[in-house]
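Asks: First the structure, then my questions, so here it is.
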Amino acid sequence: MGSGASAEDKELAKRSKELEKKLQEDADKEAKTVKLLLLGAGESGKSTIVKQMKIIHQDGYSPEECLEFKAIIYGNVLQSILAIIRAMTTLGIDYAEPSCADDGRQLNNLADSIEEGTMPPELVEVIRRLWKDGGVQACFERAAEYQLNDSASYYLNQLERITDPEYLPSEQDVLRSRVKTTGIIETKFSVKDLNFRMFDVGGQRSERKKWIHCFEGVTCIIFCAALSAYDMVLVEDDEVNRMHESLHLFNSICNHKFFAATSIVLFLNKKDLFEEKIKKVHLSICFPEYDGNNSYDDAGNYIKSQFLDLNMRKDVKEIYSHMTCATDTQNVKFVFDAVTDIIIKENLKDCGLF
């Protein structure tokens, strides 16, 4: 009788030990899990950062996966040239070559009749002729006055390559492709012994109400703001400047009670586009009080200070900032390494080890 009870006790003790071990393993795993939230206004580059994580920390895009982006890229090309042609009417810009007016009409007819995501030779020729026209180029130069995909010139300048029958999108082509994010997209990867769960949330106003579900237990927020958006208006409200919207959103996030203990990293993104734009468009279009040099460094630092000055708890909460170009893999790799180090440092601080 006694030996039976003893065997039972041993079994219970064994099970208890296994459960303890499992709980400890789960706790260790949980401690090594980093919940990362990507926030920012629409078209600030969040989804491109997610694609970079796949390239840098997973095994990149296979040829089969790249091929799946072909239809998206063709859709982006068509939407871009259509946006420019429609804006010519709105802005009252004439074609340099009168025959291009026929091409403009033909473009609209073809766009309505072709299968989505395809690029028939007839359409390619029409787009090629239009893109070469001086009036179309003049309208492209005024892209801040209407809604145009950032990658428009990247694709249109390489029309021959991307419409070749054997075309396989490169990783750079994939990075520059644009699909509006709706809902929440989760990506998992590991770096420096940490398991990341990265959540990309739609940035347009209609998508933001879905963010609240992701708030609990967030380790770090990466907030993306497009530097180049200082002279642009929102897709969803053409009365609101994109930079002002981004600042308003950042203010509500960095001072939110939910994020009192959350590390916040600011990615001032699209620095490549900003560097080109700042040579032509003065920052005072967005910040009338700005009277500094209209240089990349001075204007960039001014924008950075506009964001960082919104932090009401500077004495206890540091916000880390980086100038980024989300389509540049090396730049993102370097910056994300720095973010990972921040997270490790903050974790050690929480444990009293730093």
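Any Cβ shown, glycine's included, is placed from N, Cα and C.
Grabbed the feature section from Swiss-Prot, which reads as follows:
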DOMAIN    32-354  domain 'G-alpha'
LIPID     Gly2  N-myristoyl glycine
MOD_RES   Arg178  ADP-ribosylarginine
MOD_RES   Cys351  ADP-ribosylcysteine
REGION    196-205  region 'G3 motif'
REGION    265-272  region 'G4 motif'
Asks: Over all shown protein chains, what is the count of other CB atoms within 10 A of the CB belonging to Arg178 (ADP-ribosylarginine)?
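Replies: That number is 18.
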Asks: Going by DSSP assignments with H, G and I as helix and E and B as strand, what are the residue counts for the region 'G4 motif' (265-272)?
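Replies: Helix, strand, coil within the region 'G4 motif' (265-272): 2 helix, 5 strand, 1 coil.
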